[in-house]
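> Pasting the feature list from TrEMBL:
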type	residues	note
SIGNAL	1-27	signal peptide
DOMAIN	43-235	domain 'PNPLA'
MOTIF	47-52	motif 'GXGXXG'
MOTIF	74-78	motif 'GXSXG'
ACT_SITE	Ser76	active site, nucleophile
ACT_SITE	Asp222	active site, proton acceptor
Amino acid sequence: MLEHLAPRLLSALLAACAIGLPTAAQAQAATRDAAPLRPRVALVLSGGGARGLAHIGVLRELEAMRVPVDIVVGTSMGAVVGGAFAAGRKVDELEAFVRQANWDGILADRPPRQELAFRRREEDLVVPSRIELGLGRQGIALPPAAAGNSALEFTLERLVAEGRGDWPVNQLALPFRALATDLATGELKQLTDTPLFLAMRASLAVPGVFAPVRVEGRLVVDGGLVRNLGVDVAREMGAQIIIAVNVGTPLMDEKDITSAVSVANQMLQILTEQNVKRSVAELKPVDVLISPKLGDVSFIDFKRFDAAIAAGREAARAVAPRLQALALSAEAYAEQELARQITPVALARALPLASLKVQGTRHADPETVRAETGLELGKPVTLAEVNKAAAALYGSGDFDRVETQVSDQDGRRHVNMNLTEAQWGRSRIRLGLELYSNFGESNRFTLVAMHVASLLNDWGGELRSVARLGNRRGFSSSFTQPLGPGSAWYLSPGFSYEDSGFDAFEQGRITSRWGARERSVSLALGRRLGQWGDLQVGVGRVQSSARQLLPEVADQSDAQVSVAAYYAQWRVDTLDSVTFPSRGNLIDARIERLRLPQGSPHHRLNFLGLSAFSWGSWAGHVYTEWAHSQLGSTSSLGGFLRLSGLPDNSLSGSSIGFGRFVMAKRLGEMPVGLGGAIRAGFSLEAGAGRERSQALGRADLRLATSMFLSVDTRFGPLYLAVGSARSSGNVISNAAYLYLGPFW
């Protein structure tokens, strides 16, 4: 069963397969009901995850030999490829899609980051971890599925164009069955009067990986549990000759069963293998069994599509004499293919939107959801715009499923959106970890927990709270209230409290150690800039105090200050990743007007910018930071990727400037479930800092470089690095680092 655990290609092929649906039910019925004057041939395709790409190779050879297919039965991955073929997709199109797919994006456990709402992206910057739990009345809950609630369906809805798989399975031009397992009874479920995309989605619902799907009144999961090779189903559909393709993963050797996970995997494989053996025993002498030799291609090796497709072609050629006995003449085969590849429904043109129905919501207000789509009644709308609106709703994180149905009547377009609210997304906790060590005097460790409660009222109010425990201790909370259904404008009151420490330096040496405490309240008026940005103006008050800890000072009182602030802030985030981005930009520009209880107003300016890029297997970014304050020290430099080699935060001033260039090469991948990419890279850095009475100059410039090895973990990027910095006086400072946290 775990042989089907390759979720994201499945979703992508799922999307691809529904693009070529027929336009006319009458034409389909005529093709479906016409009895050929020859034996009816059924193609039965098994599940097998990435190994199922071999089905494309088999289809390629059947096409070359002009072997007709009158019936298609598929399980899991076989349902994806078989459904695509039955719905009219050409083999060339399937193969081209597989080759052009962005596997890193497809195999991710959520939608691409660029398609998330800006507040969801903002959460990544606050806590760059992927450890999330639900919090409800019954306590803490695990995610309902390891691969994300509805990423597979969302990919389908996003990629499918005209005639997307809304047509019921039993109305396709080529008779097709997707096989699933009834989760309540354990019985085989044949999906017939079900939309094509939903039938294939259900057949792919690997337990623990994808959430079960309710179809035809039953809760169903992957069909491989009970019928991974549906020979008997094909026979029931009238097949007289069966071409069965088995790509299942072989059982592991005893020496490879070394953990609880491998034991569970083997148990599921045994269940699948047993039902496959029973199905193979049902084959008759006239039937053809094709078993591609896939070797070490595993169920998750989607990037080895060339090997899988080639194995399918080779296995089909091995039985070519038996297949060629079924071949049609060139004219007859072309006629059959023309009937299968009926032109899809033309939904690309824009038509006036006559109705927009929102169904399935419990906490979300339908009026607010309709406003969030940006679709307006009476205005022309294309299918691409409908899919974009659905993508935005899914990217909000509030919904597990966003299913759209589009129909045209009398030159007007009708859109139905059936939503499933996130089972635990309305109240979720993200756990993070921050670790920093230079294997010397600077060692920091902080646990982070962020709680987000969404859909708190009809307009979509949201409360976000962040707690830190360790070297940084604090708590912050903010409430974001849109100013109307679907409004881009919002109000956001907030407060924060933080205890921390810092070192004072003189000529690169620690002279004292201080403890600091800061409390703040704020109120902001903001506006969302699409999904990519945010603009705010606000007011606030900050109360700060500091006390020298080392060396101890007798009878000292805390140094305290209270500042009123008025600010404007502009933020942009289009990064594709917060672990190691390869494209996109990050901008944070803020200007503040500060007023002390006595004295004239002061100004503080901060700018941060990052631009990411990629070059083959290399990825990198250019980063710049500039800050200036009329009140004294505003920021500090020193430490990994902030003048690597210098002591942490050892260079400060009322004005600082900093820039770096980072490149890293992808070396490999962590085991599935433990993390992501392994990289080796380097950085080139330059920075300077001065007090307000002095201007920054070349004499202040510090140069630094680092070399690092990084691993993408579930808590964020983990770095092992060495750095070296050189000042204008040719003083060299070196350091080694172990660092877990954000790169900015």
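Each Cβ is built from the backbone N, Cα and C atoms, and glycine gets one as well.
Source: prediction; values computed, not measured.
Mind mapping these onto the model and telling me what they sit next to?
The average per-residue pLDDT of the prediction over the motif 'GXGXXG' (47-52) is 88, rounded to a whole number.
Break the motif 'GXSXG' (74-78) down by DSSP state and the numbers are 2 helix, 2 strand, 1 coil.
Of all Cβ atoms in the shown protein chains, 31 besides its own fall within 10 Å of the Cβ of Asp222 (active site, proton acceptor).
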> How many whole Å apart are the CA atoms of Ser76 (active site, nucleophile) and Asp222 (active site, proton acceptor)?
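Given the Cα positions, Ser76 (active site, nucleophile) is 6 Å from Asp222 (active site, proton acceptor).
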> So how many of the residues in the motif 'GXGXXG' (47-52) end up helix, strand or coil by DSSP?
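Going by DSSP assignments, the motif 'GXGXXG' (47-52) contains 4 helix, 0 strand, 2 coil.
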> Would you identify the secondary structure of Asp222 (active site, proton acceptor) according to DSSP, in three states?
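SS state of Asp222 (active site, proton acceptor) = strand.
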> Count the Cβ atoms, other than its own, that fall within 10 Å of the Cβ of Ser76 (active site, nucleophile), considering every protein chain shown.
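Excluding its own Cβ, the number within 10 Å is 33.
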